[in-house]
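Here is the structure we will look at.
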Amino acid sequence: MLKRMLLVQGALKTLPHAARAMRPASPNASREASTVIHGLRGCTTGGMSLNYQVAGRVLDTLLRNHAGLKSLLFGQAQHLVGSANKRAVYALVCQTLKYRTVILQCMQGTALAKVAKVSKNRAVILIMVYEMLFGKGKIHGGGALRRAVLENESVLRSRLARQKQAASASTNEDLLPDIHRTILKLPRFVRVNTLKTTVEAAVERLHADGIEANVDEHIPSLLVVPPDTELFAHDLVCDGSLIIQDKASCFPAYVLLQGCSDAQHVIDACAAPGNKTTHLAALLGKGALVEAYERDAKRFSTLEQRVKSAGADDIIRCVCSDFRSCQPTNSTATAILIDPTCSSSGLAHHRIEASLQSMAMTPSSLQDLHRQQVDVILHAMRFPLVERITYSTCSIHRIENEDVVQEVLRRCSGRFELAEALPGWPGRGLPVFPHAERCIRSSPALGTHGFFVALFVRRQPVCPAPAASTENAHDADHVGKPPAAADVRSVRRQRKKARCRISVKRF
């Protein structure tokens with residue numbers, strides 16, 4: 001027992017440092033939380049529940065440093081507790097964040113609020129109040145903080161009842177903002193990994209398991225399941241046959257390759273964690289090459305794991321490098337997907353930790369992101385054989401979306417133009433410059449999280465790149481090296497001939 005306590009205490013000290021090195025990850029926190037919040041609470045270390053200790057420290061780190069919750073618990077800090085406890089801690093933190101405003105209103109002016117004000121474990125108090133009012137109804141373990149919360153139980157419950165009465169709320173969830181209630185009603189999406197199974201087989205298996213699943217109207221390999229469906233531990237998800245992925249997140253790869261049956265070499269410029277990368281691989285199929293760039297070593301490791309799980313090792317070549325350092329002149333890539341670092345503001349209502357990331361954004365930091373996003377796109381436009389580029393963000397901010405597109409069009413010397421992305425989608429770009437409506441926007445009102453996609457096409461298309469041999473295509477040493485002069489002249493000749501006979505496809 002003593003050894004375990006020392007291990008936990010040492011691990012807790014590493015959390016703030018781990019948080020600063022990580023970005024938020026993708027799964028939907030609040031929905032996953034509902035299935036684990038009542039179980040796997042963990043044991044106690046003499047007094048306070050171990051889960052409460054860890055959850056409190058994680059919550060405090062999130063609120064102060066705006067780190068990513070999923071990456072914090074399942075990334076560098078995964079040694080904190082066993083896997084079962086990690087899921088329980090994850091759920092506790094997510095749900096406490098969701099009800100945080102309601103909890104603070106219940107605590108306001110109480111003796112417990114005074115305790116929290118001077119306590120170093122204020123976040124633990126929030127966790128315990130959540131557990132008592134909205135969770136299982138019972139606080140596990142012991143300790144002084146638990147006693148302080150229980151001493152205020154009657155007044156806290158009374159305050160909660162008054163809040164519900166004032167808001168004419170029949171349930172606790174009715175106290176949440178409208179957007180949270182909307183999210184609870186949204187469908188969930190799972191992408192069929194066609195490298196491992198078929199859409200028909202996946203639907204048949206889900207139906208056999210009593211899960212309603214229908215093919216999405218816009219993305220053929222995407223399945224729509226009811227909002228309360230939990231697939232996290234389903235066999236098809238665990239073996240990589242199904243990939244939990246929001247519909248909007250599937251747009252970039254689908255738009256990039258829509259109608260491009262001859263694409264054989266595609267680049268994912270900012271690849272981790274890998275859902276869009278593996279989607280590209282599934283759309284291209286065997287024999288193609290997806291060159292996936294990720295500069296962060298830890299996120300690169302996640303990318304490699306996702307690629308392996310999806311069975312795409314022979315299609316995707318992972319490169320641990322900044323895409324902008326890659327020399328474009330010798331590349332045979334004909335299409336590039338760009339989904340760079342952004343504010344994640346479009347995910348704020350779907351992932352609580354993403355809202356914390358968004359809270360940290362200032363006009364200055366958004367402008368910095370804007371510059372980086374423009375730089376990545378302009379670098380992609382230097383690749384001589386590239387005809388199509390998609391740019392996407394999970395942001396709702398114009399400065400990261402339409403403003404980026406407008407600046408790129410102004411600076412690309414007319415080499416590329418904006419094409420209409422996914423014409424059947426109702427959400428379009430803000431009308432802030434000519435043809436901005438060719439971009440697409442998504443939102444909870446349209447059944448997805450906030451997302452933006454733009455499609456650039458070359459005005460003077462080039463000849464299709466010669467098919468690279470498997471040996472050369474997967475030679476990591478080939479990436480980023482300058483071509484021979486003869487190769488450059490060959491590319492120029494191809495482009496000159498292509499201008500006379502190839503027209504740009506419109507979608």
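Cβ from N, Cα, C; glycine included.
Worth saying up front: this structure is predicted, and the values here are computed from it rather than measured.
If you check TrEMBL, you get these features:
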- 178-459: domain 'SAM-dependent MTase RsmB/NOP-type' (DOMAIN)
- Cys270, Ala271, Ala272, Pro273, Gly274, Asn275, Lys276, Glu294, Asp322, Asp339: S-adenosyl-L-methionine binding site (BINDING)
- Cys394: active site, nucleophile (ACT_SITE)
Going by DSSP, is Cys270 (S-adenosyl-L-methionine binding site) part of a helix, a strand, or coil?
coil
Lowest local Cβ density (other Cβ within 10 Å) among recorded positions: Cys270, Ala272, Cys394:
Cys270
Please give the S-adenosyl-L-methionine site's span as the largest CA-CA distance among Cys270, Ala271, Ala272, Pro273, Gly274, Asn275, Lys276, Glu294, Asp322, Asp339, to the nearest whole angstrom.
19
Round to a whole number and give the Cα-to-Cα distance in Å for the pair the residue listed as 'active site, nucleophile' and Cys270 (S-adenosyl-L-methionine binding site).
13
Nonlocal neighbours by CB distance (under 8 Å) for Asp322 (S-adenosyl-L-methionine binding site), same chain, sequence gap 6 or more:
Tyr293, Arg295
Across all chains shown, how many C-beta atoms besides its own are within 10 angstroms of the C-beta of Lys276 (S-adenosyl-L-methionine binding site)?
26
